[in-house]
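Per TrEMBL, the features are as follows:
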- 1-20: signal peptide (SIGNAL)
- CYS56-CYS391: disulfide bond (DISULFID)
- CYS256-CYS272: disulfide bond (DISULFID)
- CYS416-CYS425: disulfide bond (DISULFID)
Amino acid sequence: MIKYIFWVLVLLAVVVCCHAMCSGQQRPYEYFGTKTLYQKVNGKLPLKKSRAPKGCSPVFVFGLIRHGARLASSEIVPELEELLELAKKINSTGKAQLCKKDIEELRNWKVWANKYANRNLTEYGAEEMRGIAKRYRNLLPELLNASNTGNHRYFSSNFSRTVDSMMAFTSVLGTSPSTNPDAYTVVPNNESSFRNDNCPKYVRDVDDNPHVEEEYESFFAGPYIRRVKRKVARRLGIRHSEMSGDLLWLIYSSGCYYQQWVDVKEDVAPWCRVFSRRDLKIMEYASDLEDYAQRSFQSDIAFKWTCAIAKDVVGAIVNASENHLEGNFQPTARLIFGHSSTVAVTAANMGLYEREDPPTSENFRYQKYRAFRMSQMTPSAGNIMIVLYQCSAQDESTYKVQTFWNERLLRGYPACRSTGPIGMCDLDTWLESYHQFVPGSETECSMEEICSV
């Protein structure tokens, strides 16, 4: 009997301990789709100049760069005020499973945004850009140094967060619009290939298509999300019936990941504490399903609308190789500052990740190592850099290409099958895979044809 009582007390202690465990004792979850901080996922570039093969030297770099971490829009304020009302209901059942410290922090939580927040770049976001610029400058000093900036070309969409990201990045290279005005171009939004709403077919088949998010909606109505809703309601100490899908998403997005993204601290944002790590993996997957419908292979138009950007990438590489071979003037860098879709959708169009085994509402358990994961693809300041090298051997000159994605060297993607340590492939082989993006080719893609309805 004494032994039985002992084990009952041990079990009760474990239950009480688990229920009382504060979030600060747990390892924070760091992956929130496109609201993931860059430092959580970026690769590690070599600290010194590129490890090009003997006889090869970089002659040109093309970059697609997403803006750094930004503020929310003013539209988030009413959503935060709704969370403020929810905070007043915490432990209304008297059975909240959060620890006392977390409950008090949520009850004392304040609306952290204001009506003047307009998706502007944060100081942390500017620092992300400066850090990336420093590391690529160290990798490619022949191309990205102050003496070369007269040969650079920088482009940005017409939003303050992208323009400010461009300024932060290029400040590290030792240039600015006042000293090098011809290098900078801000593209008007109504002329911009950065924006999918400039493509009528995308608007019709994706934006206005009520069926495009069926996989996301099916998953969100399924057993995984239902369990998350029940657990979050229990932790908050509110009735299960009060935890709707909309409220759960509001807690996750406006309450959790936005504050974690904007208010960068080592501690966990208060509303993130109502989720376990498992819960947040499920919520991240739901977000990826939504993005997959809008930005990847679920529909051809979802990625083909970036034809103009892909042609800009490939055309710039072709021009650089031809001009370098002929000894003509050629910019040494062409950097485009845009948005998450600029990077993610162009990556899809150029086949930089596998399209097999796509995420669906039915295969979450098999998607731990999925290729389509926005937190890894387009965190804040996500970037793709393509470097062109001129290589000389036995009196012959050839050109090779090397690709980096978020400072990770890509190896073995369809256009570049090289799996060696330097991931470099012949330019001719690379271009064969991208014939539809070569300006003037017989198979050149046409924005007019792709987007017409």
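The backbone N, Cα and C atoms fix where each Cβ goes, glycine too.
No curator has checked TrEMBL annotations; they are predicted automatically.
DSSP classifies CYS391 (disulfide bond) as strand under the three-state reduction. Here the C-alpha separation of CYS256 (disulfide bond) and CYS416 (disulfide bond) works out to 39 Å. Secondary structure at CYS272 (disulfide bond), taken from DSSP and collapsed to helix, strand or coil, is helix. Counting other C-beta atoms within 10 Å of each candidate's C-beta, the disulfide-bonded residues CYS56, CYS256, CYS272, CYS391, CYS425 are led by CYS256. Geometry remark: CYS416 (disulfide bond) versus CYS56 (disulfide bond), CA distance 17 Å.
Taking the C-alpha positions, the distance from CYS425 (disulfide bond) to CYS56 (disulfide bond) comes to 12 Å. For CYS416 (disulfide bond), the count of additional Cβ atoms within 10 Å of its Cβ stands at 23 [all protein chains shown].
Counting in whole angstrom, CYS391 (disulfide bond) lies 51 from CYS272 (disulfide bond) by their C-alpha atoms. Following the DSSP three-state reduction, the secondary structure of CYS256 (disulfide bond) is helix. Counting only the Cα atoms, the space from CYS56 (disulfide bond) to CYS272 (disulfide bond) is about 49 angstrom.
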